[in-house]
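Now, the feature entries from Swiss-Prot:
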- GLY169, ASP170, ARG171, GLN172, THR173, GLY174, LYS175, THR176: ATP binding site (BINDING)
- SER371: site 'Required for activity' (SITE)
Amino acid sequence: MDIRAAEISAILKDQIKNFGQEAEVSEVGQVLSVGDGIARVYGLDNIQAGEMVEFENGTRGMALNLETDNVGIVIFGADREIKEGQTVKRTRAIVDAPVGKGLLGRVVDALGNPIDGKGPIQATERKRVDVKAPGIIPRKSVNEPMATGLKSIDALIPVGRGQRELIIGDRQTGKTAIALDTILNQKPLNVAGAPEGQKLYCVYVAIGQKRSTVAQFVKVLEEQGALEYSIIVAATASDPAPMQYIAPFTGCTMGEYFRDNGMHAVIIYDDLSKQAVAYRQMSLLLRRPPGREAYPGDVFYLHSRLLERAAKLNDDHGNGSLTALPVIETQANDVSAYIPTNVISITDGQIFLETDLFFQGIRPAVNVGLSVSRVGSSAQTKAMKKVAGKIKGELAQYREMAAFAQFGSDLDASTQRLLNRGSRLTELLKQPQFSPLKMEEQVCVIWAGTNGYLDKLPLGKVRAFEDGLLSLLRGKNVEILNTIRESRDLSDDTAAKLRSAVDGYAKTFV
C-alpha cells in the first residue's frame with residue numbers, strides 16, 4: 001500500500017490543530033492568606049460578586065469582596081484544610097439551592113444539603129438564593145388570614161397571607177413557641193387531598209441556635225405530624241458565620257418556589273439578630289468599615305432585601321403568597337437598639353413579648369398595647385372582626401384603669417366592673433403550648449368573654465369554663481362551629497343559637 005508523506009503530514013497537522021480542544025478550561029486563582037473563615041485569593045479576574053468558588057479540598061466559598069489586587073472569599077465550611085498557595089477554581093455559578101416539594105419533611109443545611117440522614121433530596125430544580133423581590137405590579141394587598149391558632153394574636157394582632165410580622169422579645173419569652181404553634185396550627189389545612197389554594201407550607205430557618213434545640217424542634221414536629229408539610233433549614237451555632245448569613249436566603253428561596261407556583265407558604269427566621277451578628281463578623285474580617293454598634297453600613301439592606309421577598313401576588317401571577325415571621329431577640333426589652341428598629345421599620349407590624357408577662361403566667365406573653373399589625377385586620381374573617389373589635393376596646397380601657405387603680409382603693413362600681421371584665425379577658429387569652437384553636441372555636445370563646453359570661457366566675461375557673469364550653473360546642477353543638485367556619489361570619493341567627501348554647505352551659509357550670 002502506497003502512503004504519501006503529504007497525506008501523513010496533513011493528518012498529523014489536523015490532529016495537532018484539534019488537540020486538547022475538549023479539555024475543560026477553568027479560571028483559577030491562588031490563596032494568598034486564610035484565617036477566621038476568610039480567604040484572600042489572587043487571580044480570578046473575571047469573577048462575579050456572590051459567585052461560588054471551589055477550593056482544592058472541595059470546600060466551597062463565596063466571593064464577597066472584589067478588590068483591585070485580590071478577592072475576599074468567605075468559606076462555607078472549615079478553613080483548616082485550606083493552605084496558602086493552594087488553587088481556587090471558579091464555578092461560574094451564583095450560590096443556589098434546591099427547591100420544590102421534594103424538600104418537605106427534610107432537614108437541610110444552609111446550602112440545601114440534607115443533614116437528617118434520610119438520603120438525597122428529591123428536588124429537580126435549583127434556584128439562586130439571593131434574587132430580587134417582586135416589584136409593585138405583581139403584588140396585591142393582603143386579604144386572606146394566616147391563622148396562628150393563638151387567641152391573643154388571631155383576635156388582636158391578626159396576620160394575613162403575604163404579610164411580614166415581626167416576633168420580638170427578650171430571650172426565653174416564648175418567641176419560638178409562637179412560631180412552633182403557628183406551624184402546628186396549619187395541620188388541618190394540609191390534609192391529603194386538600195386544595196392547593198388552602199394549604200400553607202412551612203419553612204423554618206434556625207440561625208445560630210443550639211443543635212439540641214433544633215433537634216427538639218424537629219422531634220416535636222415529627223410527633224405532631226407537622227414535619228410532612230415543613231422544611232427545616234439549620235445553620236447552628238457551631239456552623240461558620242457565612243453559613244448563618246446565607247441560611248435565611250436559602251430558606252426564602254425554598255419558600256418562594258411555593259409563592260411563584262400559586263401556592264402559599266410561611267417562613268420563620270429564628271432569629272435575624274444572629275444573622276446580623278454573623279454578617280458583622282464577616283464584614284469586619286473582610287475589613288469593611290464598621291458603622292453603628294460595629295455593624296456594617298448595609299445591614300439594613302441585608303434584612304430589607306430578605307423580607308421584601310415575602311409578598312402576596314395578584315391573580316395574573318398565580319395568586320400565591322409568602323408570609324414572613326422574622327424573630328428578633330432584644331436585650332433587656334430595648335426595642336430602640338439598631339437591629340430591632342431596623343426590622344420594625346421593614347415589617348408590617350410586630351408581636352411584642354415581655355418577660356414580666358411571661359413570669360406572671362400570661363402565656364403567650366404578648367404585650368397587646370405595644371403589638372400592632374399594620375395590614376392584618378383587612379385579612380380577618382367577618383366573624384373574628386365582630387368579636388375582636390369589642391375585646392380590643394375593653395382591654396385598652398382595662399390597661400388604662402389598672403394603672404390608676406394602683407393608687408386608689410375606693411373605686412366606683414363601673415370601674416370595678418371594667419377591671420373585673422379586663423382581668424377575666426386577660427385570663428381568657430392565655431393558652432397552653434401545642435394547643436392551637438381553630439378560628440370558629442376562638443370566635444365562640446371570645447364571644448362568651450365579651451358578653452359577660454365570665455364576669456361572675458372566679459379567675460381560677462375561667463380555663464375550666466373555656467374547656468367545658470369547647471367540649472360542648474365540638475360535641476352537641478357542632479353545627480354552630482360548622483356554620484361559622486363555612487360562612488366566615490357570625491350572623492344574628494348563629495349568634496342567637498350560640499347564646500342559647502352558652503346560657504344552658506353557664507347554668508350547669510359549677
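Cβ coordinates come from backbone N, Cα and C, glycine included.
Rounded to the nearest whole angstrom, the C-alpha distance between GLY169 (ATP binding site) and SER371 (site 'Required for activity') is 11. With all protein chains in the displayed structure included, the most crowded Cβ environment within 10 Å among the binding-site residues ARG171, LYS175 is that of LYS175. Other than the site residues GLY169, ASP170, ARG171, GLN172, THR173, GLY174, LYS175, THR176, same-chain residues with C-beta atoms no more than 8 angstroms from the centre of those residues' C-beta atoms, the ATP site, are GLU329, LEU353, THR355, PHE358, ALA365. When the Cα atoms are compared, GLN172 (ATP binding site) and SER371 (site 'Required for activity') turn out to be 18 Å apart. Residue with the densest Cβ environment among the binding-site residues GLY169, GLY174: GLY169, by other Cβ atoms within 10 Å. With every protein chain in view, the residue among the recorded positions THR173, THR176, SER371 whose Cβ has the most Cβ partners within 10 Å turns out to be THR173. Under the three-state DSSP scheme, GLN172 (ATP binding site) falls in the coil class. Take the CB of ASP170 (ATP binding site) and look out to 10 A: across all protein chains shown you find 18 other CB atoms. If you take the Cα of SER371 (site 'Required for activity') and the Cα of GLY174 (ATP binding site), they are about 15 angstrom apart, rounded to a whole number.
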